[in-house]
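Database features, via Swiss-Prot:
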- GLY115, LEU134, GLY135, ASP136, PHE137, ILE138, LEU139: S-adenosyl-L-methionine binding site (BINDING)
Amino acid sequence: MSSNPLRFFVLTIFPHIISCYSEYGIVKQAIKKGKVEVYPIDLREFAPKGQVDDVPYGGLPGMVLKPEPIYEAYDYVVENYGKPFVLITEPWGEKLNQKLVNELSKKERIMIICGRYEGVDERVKKIVDMEISLGDFILSGGEIVALAVIDAVSRVLPGVLSEPQSIQEDSFQNRWLGYPVYTRPREYRGMKVPEELLSGHHKLIELWKLWHRIENTVKKRPDLIPKDLTELEKDILNSILSGKSFKEWLKEHKHLL
């Protein structure tokens, strides 16, 4: 992967939404470490008299983002930074998931065109590489989608997180969903931290985490259960489906400790 920072160019009529978010959390950390650069591009600066929208042909209600400001902004980026991989936010676009995030993290330049109003003039699609969405619902604009892309991609770039293991522990990055997490105090209002996590027994903790990852996936997202299971995963999955608890299963598998 290139040692150069991954550059995000966000075409929007609300650039402050992007610049504000870039001052916090993982994105700020990625920028500070030189792994990411975020450029909010105000479409009004590329529009004659600042007009970025107009009425749609065909008598539909609402307004549509004009093609000229977007093409002008695109040309500016190409001339000054090089050709980017272009995303446009659309409700019917490909849903953002961890696999796509990992693919995007390998790009050098990503442009995100934020939709608004009734949409973007279809002629803009000529420069678009991918339509992208967060799900089957409507947002007021694409800025939230753009921020999700920037945040998710930034955190998987090598060197951004201070603890790289955190990435592998993430739901969706791992084969299974995440496991329950706990912190101090050990007991609160009668609710105790599982004794396995306090044991200091690394293999026991590892098995506990795997069991609860699989259990979490079975209960919350059974559609994500992998098909290529290891023998241990098959054993745990079948035990969960049969109604066994972790402690019951562990009694039968003490040889794993």
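Cβ from N, Cα, C; glycine included.
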Next item on the list: Please report the number of other Cβ atoms within 10 Å of the Cβ of GLY135 (S-adenosyl-L-methionine binding site).
Entry: 10
Next item on the list: Mind computing the max CA-CA distance among GLY115, LEU134, GLY135, ASP136, PHE137, ILE138, LEU139, which the record assigns to S-adenosyl-L-methionine binding, rounded to whole Å?
Entry: 15
Check: When a 10 Å sphere is centred on the Cβ of ILE138 (S-adenosyl-L-methionine binding site), how many other Cβ atoms does it contain?
Finding: 6
Item checked: Set of same-chain residues at least 6 away whose C-beta sits under 8 angstroms from GLY115 (S-adenosyl-L-methionine binding site) -> LEU65, ILE88, THR89, GLU90, GLY141, GLY142
Margin query: Around the S-adenosyl-L-methionine site formed by GLY115, LEU134, GLY135, ASP136, PHE137, ILE138, LEU139, list the extra residues of the same chain whose Cβ is within 8 Å of the site's Cβ centroid.
Written below: PRO91, SER133, VAL145
Next item on the list: Identify, in sequence order, the residues in the chain of PHE137 (S-adenosyl-L-methionine binding site) that are 6 or more apart from it along the sequence and have a CB within less than 8 Å of its CB; answer 'none' if there are none.
Entry: PRO91
Checklist line | Cβ atoms near LEU139 (S-adenosyl-L-methionine binding site) (within 10 Å, other residues, all chains) | finding: 16
Next item on the list: Only counting partners 6 or more residues apart, tell me which same-chain residues put their Cβ under 8 Å from the Cβ of ASP136 (S-adenosyl-L-methionine binding site).
Entry: PRO91
